[in-house]
Every structure is written in C-alpha cells, then in structure tokens.
Amino acid sequence: MRKPTALIILDGFGLREETYGNAVAQAKKPNFDRYWNKFPHTTLTACGEAVGLPEGQMGNSEVGHLNIGAGRIVYQSLTRVNVAIREGEFDKNETFQNAIKHVKEKGTALHLFGLLSDGGVHSHIDHMFALLRLAAKEGVEKVYIHAFLDGRDVGPQTAKGYIDATNAVIKETGVGQFATIAGRYYSMDRDKRWDRVEKCYRAMVYGEGPTYKNAYECVEDSYANGIYDEFVLPSVIVNEDETPVATINDDDAVIFYNFRPDRAIQIARVFTNEDFREFDRGEKVPHIPEFVCMTHFSETVNGYVAFKPVNLDNTLGEVVSQAGLKQLRIAETEKYPHVTFFFSGGREAEFPGEERILINSPKVATYDLKPEMSIYEVTDALVNEIENDKHDVIILNFANCDMVGHSGMMEPTIKAVEATDECLGKVVEAILAKDGVAIITADHGNADEELTPDGAPMTAHTTNPVPFIVTKKDVELREGGILGDIAPTMLTLLGVEQPKEMTGKTIIK
C-alpha cells in the first residue's frame, strides 16, 4: 500500500476575521473547520514580495503555483527590475551599457520605447526614469522618448500625470525629450493588426502623423476630440521650425522597457527583422545594431535581452521524479495549466513517473451559474486513484473559490466554498485511510472578500493570508511561512533531500 502525500490547493481560499462579504467565513465548512482544529496549522503570506511581486500587490494563480512548485521566491519581471534598481545592479547591466557605449562612440541617439504608466502589468514608468538617470550619469546627450499611452491598466485619462512626472525627471537629469506619442491601441497591438503598428513606425522613423509642440498639447487635443489615452493617434513632437524633435536613424540604439512580451513583440519585430514583410516599411529601414528588450520577448525578435529568463531547475516535480516516486497532477480545465505548466516552473513536458488527469470544466457562460463546477468529477477521479495505490505524491487544485469568487456574488461563492469543503473531506479521508498525509493550503485569496465596504461586488484577488494545515499530529509548524516554503515542507514529509536551488525553508519545526 502506498502512503500518499497530497498537496491540496484550495484556489482563492483566503482567511480573514471580518465576516462581512466573506464567503469563506459565512459558508458551512465542517471538514475544513475540523482539520483546522484537529491538526497542526498556520497561515502563509501569498502576496507581495513574498511571492516575487511588488510589495502590497495581490497574488494570482500563475505566480502562486510557480512559487509553490519551485520551493523558492520566483521574482516576476517587475519585481526583478525593481530589485535591480534598488540594489544598484540596473546601472551595471551589460546590455544597457553596450547600448550606451555604442551611441557615445557613434555620436548617435538613444531611443526609449515603452508604456508610460505605473500600471505594472506591461511596464513601469520608474524603469524609464532609471534609464534616463543612467543615460545622464553616462553622459549620453541625445535621448528620445517614444511614449506609449496606457489608459487600460490605469485610468483612461491619466496620461498628463505621467507626462508631468517624466518632465520632472527630464528637468532633474537634464536628459531626454519626447519624440513621439501613441496610444497602446496602435503601438502595442498583439493581434496582427499591422496597420496600427505601421502608423507608429511611420511616426517614429519618418516623422509622419499629427504634429504637436509638446506631449501635453498632443494629449489635450486628443481629449478635446473625445480620444483618450489608449487610442491617441501616433503623433510627432516637433521643434519651433516644425521639424521632428527626433526620428529613428541608422546606428541609433533602442531600449524597449516593457517587460511583458505579448504586446511588445510586433513593434519590436518591425525594427529587428531584416526580412519583415507584414507591411512595407518604405525606403528608410534604420539599421539598429543595439536594440535592447527588457526581457526575452520572442524568438522572432532579434534584440539583446537585459533581464534574461531564469531557468527554474529542481522544482518539486523534478525532485520527486528523480527520487523515483510516482506523482499525479489533477485539476479541472480552468486550473490544469497551473498544476502542470506553472507548477513545473514553466515546463510543458511531464517528468518521468508523472501522470496527469484533466477533468473538463462545465460549459457555462459564468461559473456563478454552476458554483460546483466539475469538483465532484475531479474528486471521484482522485479518490479512485488513491484507492488504487498508484501515486506517492498528489498535486490537486480545487478551482471553485477562485473562479466563482471572481463573480463578486455572495450566494454562488458561498455555494462554491461549501462544495469545496464537501470534496475536501472526501479526498482527505481517502488519504488518511491509506495512512497518508495531506497538506491543505491555497495559492491566494479571493472568496474571502466578495463585497467592497459600500456593498459593490469585489471581483479581484485579495492580499489576505492563506491556510496551511498538515494532517499529521506529531509535527510542529513555525509561523511566518510563504508559498515558497511548501515544497521544502513536502520534501521533509517525504524524507527526500531538499536541493540547493530550493531556497524556501520547511515549515515543520
């Protein structure tokens, strides 16, 4: 008989004392409550820098499963760059230094592309400010900003504030000028609407498009015409004599400071692909020997990468596999990539000895219409596997508290919590019957806050702590744990040595 060690992830199941708007607290959950009272338990931090996100930022399922599976803090691109700036490594970055050295030797210009906002989804304006300060420190004279306006990850009419903030840094450093302005609708298309990208290219390279004396004027004119940040037409900033402040020319350098690839790829390809055929670039195709991307955008972009991908070696799945143990990953469609691809550190392929079970999520318009989703089918499939003694390690995700929690509706979310509790009981009892151990936890909160203080639906994740229960009476747990400590704890329970790459610490004292 195998004694399975199971990790049960109750997706979106956070903890907070206030019961108002709290579906987790209001639901009847006798199984969870019993395990919480009977077995060693603590809470874990699942948001902010503890999971590699900026301080105070709510966690999410991708980040949560990455951290849990990796057994370490996995810094997301935004935080990675922030930490590099804070610790002084940003200015030493070899890729940035090469671009700066190039323009100084050639007497050419440095162009900064990117989304001008602090939304933190695709870019952060602080990273552009760090580049302006670096250029000033290194004595680069010609620095031009090609600002992509946001209006999507931030308010629809916030561009002026970001322009003001940029002008303050330009004044502080004595470096930088706005050269073009374009809404992200044009500059950051990802759906092959190349006519949009072409308008940007022609503004940046040929100085074609509406012209303005400064960035502020461009935004004000757009607003007057009912066009807000995201949709501002690619426009050119001109000097007193109506010539463009700057166009992009041979031997210039570009630093594209967006860190999220999907909406950066198309415009980067226009500048880096010699055989680009999506539209006619015209007679002027500037040769840019130093085109720097903040992160790895795509194999189709021929640029240098400032922050190269971090390979996650020796994740929990890999270590368990190398120890010769059999593992099962099981979830319904909505969370299947999380227990497989993300849990394995961004790896698609199965490890030796790994089996996967995918249960289809129900086909409904929104999950508040079916709060139980496919949890009963997932549970039946898993209990059958446990009874057949097939696996040493089980990774299970119950999706309901998160997927229904996103509705911001109390009644369906309470039902989702109650269905989750019912199935949690079935799975844990099957594991205990085999003399196994379950770890019950979550990747982030959601169902714990369904209403704002004024009664409006709250559809986002929360920053509340998540539960951590080990169904084994003879262990003691420490406080202050994070998601990256879960894999080392599982290895402790399995009696498998923790690899050096896993920098998390076991929660078992």
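Including glycine, each Cβ sits where the backbone N, Cα and C put it.
Sequence-distant neighbours of SER61 (active site, phosphoserine intermediate) (same chain, six or more apart, CB under 8 Å from its CB) are ASP11, LYS335, HIS338, PHE342, ASP402, ASP443, HIS444, listed in sequence order. The active site, phosphoserine intermediate feature in Swiss-Prot is assigned to SER61.
Under the heading Mn(2+) 2 binding site, Swiss-Prot lists ASP11, SER61, ASP443, HIS444, citing sequence analysis as support. When secondary structure is read from DSSP and collapsed to three states, ASP11 (Mn(2+) 2 binding site) falls in the coil class.
What Swiss-Prot lists as substrate binding site is HIS122, ARG152, ASP153, ARG184, ARG190, ARG260, PRO261, ASP262, ARG263, LYS335. The Cβ of HIS122 (substrate binding site) lies under 8 Å from the Cβ of LEU115, ASP153, MET188, ASN258, PHE259, ARG260, ARG263, ALA264, each on the same chain and at least six residues away in sequence. In the three-state DSSP scheme, HIS122 (substrate binding site) is classed as coil.
ASP402 (Mn(2+) 1 binding site) falls within a helical segment according to DSSP. Among the features that Swiss-Prot reports, Mn(2+) 1 binding site is placed at ASP402, HIS406, HIS461, with the record citing sequence analysis.
If you look up Swiss-Prot, you'll see TYR35 marked as phosphotyrosine. Here TYR35 (phosphotyrosine) comes close to HIS41, LEU424, VAL428, ILE440, ILE469, THR471: these same-chain residues lie at least six apart in sequence, with C-beta atoms under 8 angstroms from its C-beta. According to DSSP, TYR35 (phosphotyrosine) is assigned to a helical segment.
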(message) What whole-number Å value do you get for the CA-CA distance of HIS461 (Mn(2+) 1 binding site) and PRO261 (substrate binding site)?
(response) 23
(request) Work out how many Å separate HIS406 (Mn(2+) 1 binding site) and ARG190 (substrate binding site) at their Cα atoms, rounded off. (result) 26
(request) Under 8 Å Cβ to Cβ from ARG190 (substrate binding site), same chain, six or more residues apart: give me those in sequence order, or none if nothing qualifies. (result) ASP262, ARG263, ILE265, GLN266
(request) May I ask which residues of the same chain, at least 6 positions away in sequence, place their Cβ under 8 angstroms from the Cβ of PRO261 (substrate binding site)? (result) THR295, HIS296, PHE297, SER298
(request) Could you tell me which of these binding-site residues, ASP153, ASP402, has the greatest number of Cβ atoms within 10 Å of its own Cβ? (result) ASP402
